[in-house]
């Protein structure tokens, strides 16, 4: 301490929901979408609407599959409590304490009500990673050395490997399996787009179903942490309760969308193939080819000489 005040230290900050990686993914897919919108006026007739619908929906699915890998709101929880702010101090602060769990780590947020209390600005957001190239316990030890506020250290301690709660192992393994399953879903999404462009429409529909299945498998993998007892996170009489966050529900919505789209393509293939070909802009092409093959130009001079 320097005159009773904690010295300045660089904080390991990371936005609780979106970080730089998520923003990069969104910008890349938005660039693809804008590039397509620039060329869409060159498509004639109703095919313009069909192309727009297909491309934008496909880019939406791909963007969500990649972006949720880096978001930090698969599971979230907030609690408002009066809690101690510093170690070895009886001073209490009123603050909102948030926990955001992602596939690669956790974010712990501490925001005072009001922000300025006890002559300090209480506004923290600390990230603790458990990805393959990171050491969670080391990050926690560095937080202790930097003198992070007590509520942040208390929440982060629940996820250390030495904690009797075993929350680190549960969340880390489930997050890694969920991430791997999402990358498989991204690969099947790419294959489905290739099959639709060949065109092998019915197999593209099957791959959409496989994409939806892997998205659901990733949700089931992450949900396995609910099957075991989780240590309560309490601040006095207040308890921090966890619930599924926006990334979880968004992944579920995209998985259901893939199922609906895949079932629709397969059903149209067997019951109304002409309508399916029209939607994928194939019927008009075949009609033009057929027209070019059947039209014959006859020179009447040679016909008369032949007679």
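A Cβ is built for glycine as well, from the same backbone N, Cα and C atoms used for every other residue.
Per TrEMBL, the feature transmembrane segment maps to 20-39 (among others).
According to TrEMBL, the feature transmembrane segment maps to 51-71 (among others).
Feature annotation from TrEMBL assigns transmembrane segment to 91-110 (among others).
Summarising the annotation, TrEMBL assigns transmembrane segment to 177-196 (among others).
Tertiary proximity for the transmembrane segment (202-225) is limited to same-chain residues at least six positions away from its ends with a CB under 8 Å from its CB atoms, namely 61, 65, 74-75, 103, 167, 170-171, 174-175, 177-179, 181-182, 184-185, 188-189, 191-193, 195-196, 248, 251-252, 254-259, 261-266, 269. According to TrEMBL, the feature transmembrane segment maps to 202-225 (among others).
TrEMBL lists 246-271 (among others) with the feature transmembrane segment.
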Which of 20-39, 91-110, 177-196, 246-271 shares the most C-beta pairs under 8 angstroms with the transmembrane segment (51-71)? 20-39
